[in-house]
Amino acid sequence: WGCPWRPPALILPPDAEKSPGYWNKGARRRLELALALQPAAQRAKNIILFMGDGMGLSTMSAARIYKGQLAGGSGEESVLAMETFPHMALAKVSGAVLGGTFLLPLLETPLHPSCFQTYTIDRQVPDSAGTGTAYLCGVKANAKTLGLSGAAVYGKCRTTFGNEVDSVLHRARLAGKSVGIVTTTRVQHASPGAAYAHSASRGWYADANMPKEALRDGCKDIAYQLVHNTDINVILGGGRMYMTPKRTPDPEYPEDPDQNGTRIDGRDLIAEWLSAKQGARYVWDKKGLDAVEDDAVSHLMGLFEPKDMRYELNRNTSTDPSIVEMTEKAIRILRRNPSGFFLFVEDDHVPHAGGRIDHGHHSGRAKQALMEAVMLDRAVARAGELTSPADTLTVVTADHSHVFTFGGSTPRGNSIFGLAPKKAKDKRAYTSILYGNGPGYSIRDGARPAASLPAAEDKDYRQQAAVPLETETHSGEDVVVLAQGPMAHLFHGVQEQHYIAHAMAYAACLEPYATEPGCRAARRASQGTQCSPQPLLTLLALCVAALIVRG
């Protein structure tokens, strides 16, 4: 428990599962692990928050099967790396808000699975901006607003001032930790934007995207705030066009005017960022990222596409880094800080406005979404290899879910993208995966077209949807939170989504919990190079003495 363990592909003897002993032995092993599980009550030096944008429980389950099938198995018995984490909670996306102070009483409650609800103040089913403000800043807010309390009104610039709320990332930087953002979307997107921006609209990527009234009233675009609000050590993702003046050719697509810079204020924010940071480096392709020496930079910005990065299944592996590669580079740079680090990693599973998981679902392309979920899990596994659960709290969750499901009484080992074994009432085949709404709705000659193979296995195949919409929508059910490391046991029960930020802040002794018991000792421990070596020498002497006594 709590180890970065990745289970091997299971190769079972024929008929092994038919024996009761097989299941009894496995259950006993899990029971022994559960009985041995103890809370890690020390404070966290490092925090990594993995956010699968749109990665609801049905997406996780389907991604687990897909992962196993990619490895050559039937899929159902596969285990995601994130699923090996010992502590679990659910975050509510709809429901009632807990009042008053809610963290400290929960520290004394029995441990049990927890759930987190993801609704916003004004919506039953949320968007990525309102949820980002909740799990990063610790307060529920209105949909489409970033880093602002519920007193701010969407699209109204003047309601920004005085309603700003700071993220855990910002508080970690103020506490002396290094901080970073990794995303497969534009770095100005709603989810990463909640880590550093205060904006009455999630769509104010650059000043060109803002109404004149907002500019006159003094509001700043999200790209500007990325460079000027918080001293972020590592920034990796897409979003080049929002950083440079209008008509500036893109370095990767210089002949395509649609990829040019968009800023109307004439500012080159990349150049401003580089000039303000000693030891800073900017790269725009995988070759540049690979050339960065981990111990030679204090700050790294990598913007690999004009807007969002490409889906993993469409990625040019020679020019664009994967989420796994970006996560590894970020950790190697951030972990050099003896005071620790905070890293936010997002993969959006849908193609139109968020991480690529979110984007894949919005477009009704399940294979794109599930591959992104598998890649996020690989990033979780790699992070576990580069850090230790002894000092690193790792949290994996989603901001919301989607109207995505799979079923149809499919047999064991059926391709997750395959057909149900029986035809529907209209005597036409259908895929196991379906959407409640979205662009997959289709009527031809007065009837639903029959699904068929191999078309349904294609990466760009759109699974059928029940209701016609231009883009598929989010869903409102609770999302899972998985955790390992120091204070991971705080993630339990059915919780409001904003509790995530408070549990992380408490675990790492960040505001408003910086003066809680144990934090002073934790700060001394994180500055180990300044501590006396005497305790370690004493322990070593005792160990040597014990070995001598034993002969």
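Placement of Cβ uses the backbone N, Cα and C atoms for every residue, glycine included.
Marked as active site, phosphoserine intermediate by TrEMBL: Ser128. Under the heading Mg(2+) binding site, TrEMBL lists Asp53, His189, Ser191, Glu346. For Asp53, Asp358, His362, Asp399, His400, His474, the entry in TrEMBL reads Zn(2+) binding site.
Spatial neighbours are here defined as Cα atoms within 10 angstroms of one another, and by that definition the neighbours of Ser128 (active site, phosphoserine intermediate) among the binding-site residues Asp53, Glu346, His362, His400 are Asp53, His400. Cβ-based neighbour count (10 Å, all protein chains) for His474 (Zn(2+) binding site) stands at 25. Of all the binding-site residues given, namely His362, Asp399, His400, His474, those whose Cα is no farther than the 10 Å limit from the Cα of Ser191 (Mg(2+) binding site) are Asp399. Taking the C-alpha atom of His474 (Zn(2+) binding site) as reference, the shortest distance to any of the binding-site residues Asp53, His189, Glu346 belongs to Asp53. Taking the recorded positions Ser128, Ser191 in turn and counting surrounding C-beta atoms within 10 angstroms, the largest count is reached at Ser128. Only Asp53, of the binding-site residues Asp53, His189, Glu346, have a C-alpha within 10 angstroms of the C-alpha of His400 (Zn(2+) binding site). Cα to Cα, Glu346 (Mg(2+) binding site) and His362 (Zn(2+) binding site) are separated by 16 Å.
By a simple count of nearby Cβ atoms, those within 10 Å, the most crowded of the binding-site residues Asp53, Glu346, Asp399 is Asp399.
When Cβ atoms from all protein chains are considered, those within 10 Å of His400 (Zn(2+) binding site) total 29, not counting its own.
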